[in-house]
Amino acid sequence: MALSWVLTVLSLLPLLEAQIPLCANLVPVPITNATLDRITGKWFYIASAFRNEEYNKSVQEIQATFFYFTPNKTEDTIFLREYQTRQDQCIYNTTYLNVQRENGTISRYVGGQEHFAHLLILRDTKTYMLAFDVNDEKNWGLSVYADKPETTKEQLGEFYEALDCLRIPKSDVVYTDWKKDKCEPLEKQHEKERKQEEGES
């Protein structure tokens, strides 16, 4: 489902710096090997806010999401393993993302079309954001991710600052709830299987 991708892991159109000159933390920068190292590993989808009412309504269906990024610096791809809880059910998905280093974007093909999102690295190394449709005022949106399911007020500070810059009220923010996660048992099963495969090889 394309919308699931949009809401949890990278999508929509590129961010245009010229249209947001006052939003310092929304200015895209090239993706380097250091950037890829920084986003390697396990991440949790924390919250998002969209001006598009349809998207805002859909994110409310997402109870919890976590995923793993495994970048390939040579091929400029990222292997994604995603665990998402919707309607008290765990949905597991794997795919490859493409990295556009100079543009600071990551993309994925959905329904034969390539969708993009800008990866925005924050001051706090344990968080990052994705910017959605910032060149389309009616559909502006942001999502924030962290290396733990719970975040501090300070960690969400840059996310809130960016929302203010885009004139998206905090009341539009939809948060996930880790207590509703149903995927942790499946993740543990996958980890056990991987360790067994490594032991046999």
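Here the Cβ of each residue, glycine as well, is placed from N, Cα and C on the backbone.
The annotation signal peptide is assigned in Swiss-Prot to 1-18 on the grounds of experimental evidence.
The pyrrolidone carboxylic acid annotation in Swiss-Prot covers Gln19.
In the shown protein chains, 17 other C-beta atoms lie within 10 A of the C-beta of Cys165 (disulfide bond). Sequence annotations record features per position, and here Swiss-Prot assigns disulfide bond to Cys23-Cys165 (among others) based on experimental evidence.
DSSP assigns Asn33 (N-linked glycosylation site) to a helix in the three-state reduction. Cβ-based neighbour count (10 Å, all protein chains) for Asn33 (N-linked glycosylation site) stands at 10. What Swiss-Prot records for Asn33 (among others) is N-linked glycosylation site.
Within 10 Å of the C-beta of Asn56 (N-linked glycosylation site) there are 18 other C-beta atoms, taking all protein chains into account. Sequence annotations record features per position, and here Swiss-Prot assigns N-linked glycosylation site to Asn56 (among others).
Residues or ranges marked as N-linked glycosylation site in Swiss-Prot: Asn72 (among others). According to its DSSP assignment, Asn72 (N-linked glycosylation site) is in a strand. The Cβ of Asn72 (N-linked glycosylation site) has 12 neighbouring Cβ atoms from other residues within 10 Å, across all protein chains displayed.
Following the DSSP three-state reduction, the secondary structure of Cys183 (disulfide bond) is coil. The feature disulfide bond is assigned by Swiss-Prot to Cys90-Cys183 (among others), with experimental evidence given as support.
Around Asn93 (N-linked glycosylation site), the same-chain residues at least 6 positions away in sequence with a Cβ under 8 Å from its Cβ are Leu80, Arg81, Glu82, Gln84. Marked as N-linked glycosylation site by Swiss-Prot on the basis of experimental evidence: Asn93 (among others).
All chains included, 17 other C-beta atoms sit within 10 angstroms of the C-beta of Asn103 (N-linked glycosylation site). According to Swiss-Prot, the N-linked glycosylation site annotation covers Asn103 (among others), on the basis of experimental evidence.
Spatially, by CA atoms, the recorded positions Cys23, Asn33, Asn56, Asn103 include one closest to Cys90 (disulfide bond), and that is Asn56. Neighbour counts of Cβ atoms within 10 Å were compared for the disulfide-bonded residues Cys23, Cys90, Cys183, and the top value is held by Cys183. Calculated from their C-alpha atoms, the gap between Asn56 (N-linked glycosylation site) and Cys183 (disulfide bond) amounts to 23 Å. Cys183 (disulfide bond) is 30 Å away from Asn33 (N-linked glycosylation site) when you measure Cα to Cα. Of the candidate disulfide-bonded residues, Cys23, Cys165, Cys183, the one lying closest to Asn72 (N-linked glycosylation site) when CA atoms are compared is Cys183.
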